[in-house]
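**Student:** To start, I am sharing the structure in question, which I have written as C-alpha cells.
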C-alpha cells in the first residue's frame, strides 16, 4: 500500500470512530443494529465492498436496510457479483473490519487482508460499487458514510442507485455483471414482460371467479409498497389494491408486514371484516419476503399461506411444465434433457409441507437454517426451488438447462409451433426471467404466484387446501454457552451434549406426528426449540418438555 492510499484511509476513518463497547457480527442479514451506532460500520463496509470489487474484477452492491426490523434500526450488507450474498469466506474479515478499534488497527487489517487475498491494489483496475437504501430516514446519512468508505480506496467509484427494495439492488448487480441494462426501469420491464407472457399462455377455461380478480397487498409501510404502486400500472390484467404503502402515515413494520403477519398470524393494520375471504398478501420492509393470507370472519385471525405453500405452488407448476415438455408429441424429440428438479427446505419447514412435496414425487433436501445454505444447495439442481416459511425464497435455473431450453424452444418453433410442448417451453423460459434468481424477491414472487393461480384456475382457497399445516410451537431457552450444542443432519439431530438427543426422542415418541429439534442461536446464548404435533396442545406440551430438557442439560440451573 503506497503512502497516498494509507494516508487517505487514516484520514477518512478518523471521521468515523467505532461505537464504544459494541461488537458487531456479519450474518445472513449483514450487520444490523440501532441506526445511531452504525455510521462507522457502514463506512467500513464501503471499504470492504471496494476491495471485493477489486478482488472479483466485478461490480459489487451495498444495501442499507434492516428489512423487517423496527424503524429505528438499520443495517448494511454486500451483494456479490452473482447478485447473491457476500461469500462466507469474507465474513470473518467483515467482522474484524467493523470491530477494529482505531484507524491504525483498521489500516493494518486491510494491508494484511489485501496481501493474503492477493487483491490488485493501487489503481491496477477500477472498483465499482452500487449503493441502495430503503425508506428509513437514517438511510441518508448512512449512505454518505458508505460513499466515504468506497471512495477511501483510490480509484473506487460509488454509484447511488437511490431508494430501492433489497432484491432490486441484488438484481442490478447481477445484471451489470452480465452486461445487461440495470436501471429500475429495466427491472420493472424484466418483471412485466415475462408476466404478460405467462398470462397470454393461460389455458382456456382456467378462469377463476370474479371475486378473485382483486389482490390486496400490505406494503409494510416500506419500499415494497411504494414500488408495487408504480409496477401495478404496467398491468391491465391484474387489479392490485396496495395498502400500507408508506404514504398514509403508517410506521415501517409496525403492526404490518410479512414478518408480523407470519409470526403473529393476525391481520395487519389497514385490513378488516370487509376483506374476509379475499386474496391478501404481505411484503416485508425491504420486499424480499412474501406471504399470502385469508382474513377470517372474527377476532382479526387469518389463515396464513406461508413460504412453504408458495414453494409447493411453484414446484407443482414447474413439474407440470417439465412433464409436458418431455412428452413425445407428433414430432420426434431430437434433444431430450432429463432436468433434475429439486426442492430445498430447512428444519423449520412444516412437516405437512414436506410430506406433501414428497407425495408429489419431488426430490426434497434439507440444509441448515439460513438463505446462504438454501441458495447454495438449490444451485446444485437444473431447477432448484427454495423457500423459508417466512416467505423468503426463489427458483434457480442452471445455465446448462437454460441453454438446452432455448434450443428446445427453437426446435419446437420449427416443428410444432402452437403445440403444448412449445407453450411449456415458453412458460419455463418466462419463469426463469420473471423470478429474481439473485435473491428472494417479494415483487417477482407475487407476480409469479398470480400467474400460476390463474394458470391452474385456482382460488386462494383451493391453494390453501393443498395440505393442512401441523400445529407448531417455537421457544427460546437462555443457556450458559450456546456452543455446547452441536447438531447434524441440517440441524435436525443434536449430537452434543451427550444424552440430550435420547431425552428429546423419548419426548417426541409420546405425541402423534411429533417432531422437535433444537439449535443454537447464531448471535446470543440462546437455544431455539421447535416442536410440531397433531394438535396445538400437543405441540405446546412437546415444546415445553423439550425446553425443560435444554434447561436441565444446558441452562443456568445446570451450572449451579
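The chain as shown is numbered from 1 upward.
Note that Cβ sites are derived from N, Cα and C of the backbone, with glycine treated the same way.
Quick paste from TrEMBL:
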DOMAIN    56-89  domain 'Alpha-D-phosphohexomutase alpha/beta/alpha'
BINDING   67, 284, 286, 288  Mg(2+) binding site
ACT_SITE  67  active site, phosphoserine intermediate
DOMAIN    127-177  domain 'Alpha-D-phosphohexomutase alpha/beta/alpha'
DOMAIN    212-291  domain 'Phosphoacetylglucosamine mutase AMG1'
DOMAIN    306-458  domain 'Phosphoacetylglucosamine mutase AMG1'
BINDING   388, 389, 390, 519, 520, 521, 522, 523, 528  substrate binding site
DOMAIN    486-547  domain 'Alpha-D-phosphohexomutase C-terminal'
**Student:** Please work out the helix, strand and coil residue numbers for the domain 'Phosphoacetylglucosamine mutase AMG1' (212-291) from the DSSP assignment.
**Tutor:** 24 helix, 19 strand, 37 coil
**Student:** What's the CA-CA gap between residue 390 (substrate binding site) and residue 286 (Mg(2+) binding site) in angstrom, rounded?
**Tutor:** 14
**Student:** If I take the Cα of residue 388 (substrate binding site) as reference, which of the binding-site residues 67, 284, 286, 288 has the closest Cα?
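**Tutor:** Smallest Cα separation from residue 388 (substrate binding site) among 67, 284, 286, 288: 288.
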**Student:** For the binding-site residues 520, 522, work out the Cβ neighbour count at 10 Å and name the residue with the minimum.
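**Tutor:** Counting other Cβ atoms within 10 Å of each of the binding-site residues 520, 522, the minimum falls on 522.
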**Student:** Using DSSP, how many residues of the domain 'Alpha-D-phosphohexomutase alpha/beta/alpha' (127-177) fall into helix, strand and coil, respectively?
**Tutor:** 25 helix, 15 strand, 11 coil
**Student:** Tally Cβ pairs under 8 Å between the domain 'Phosphoacetylglucosamine mutase AMG1' (212-291) and each listed stretch (56-89, 127-177, 306-458), then give the stretch with the top tally.
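**Tutor:** By Cβ pairs under 8 Å, 306-458 leads among 56-89, 127-177, 306-458.
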**Student:** For residue 522 (substrate binding site), which of the binding-site residues 67, 284, 286, 288 has the nearest Cα in space?
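**Tutor:** The smallest Cα gap between residue 522 (substrate binding site) and any of the binding-site residues is with 67.
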**Student:** Whole-number answer please: how many Å between the C-alpha atoms of residue 288 (Mg(2+) binding site) and residue 520 (substrate binding site)?
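**Tutor:** Their Cα atoms are separated by 25 Å.
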**Student:** Over the span of the domain 'Alpha-D-phosphohexomutase C-terminal' (486-547), count residues by DSSP class, listing helix, strand and coil in order.
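**Tutor:** Reading the DSSP string over the domain 'Alpha-D-phosphohexomutase C-terminal' (486-547) gives 21 helix, 20 strand, 21 coil.
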**Student:** Taking only the binding-site residues 67, 284, 286, which one has a CA atom nearest to the CA atom of residue 520 (substrate binding site)?
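**Tutor:** Ranked by Cα distance from residue 520 (substrate binding site), first place goes to 67.
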**Student:** Far apart in sequence but close in space: which same-chain residues, 6 or more away, have a Cβ under 8 Å from residue 67 (Mg(2+) binding site)?
**Tutor:** 29, 75, 166, 284, 285, 286, 288, 289
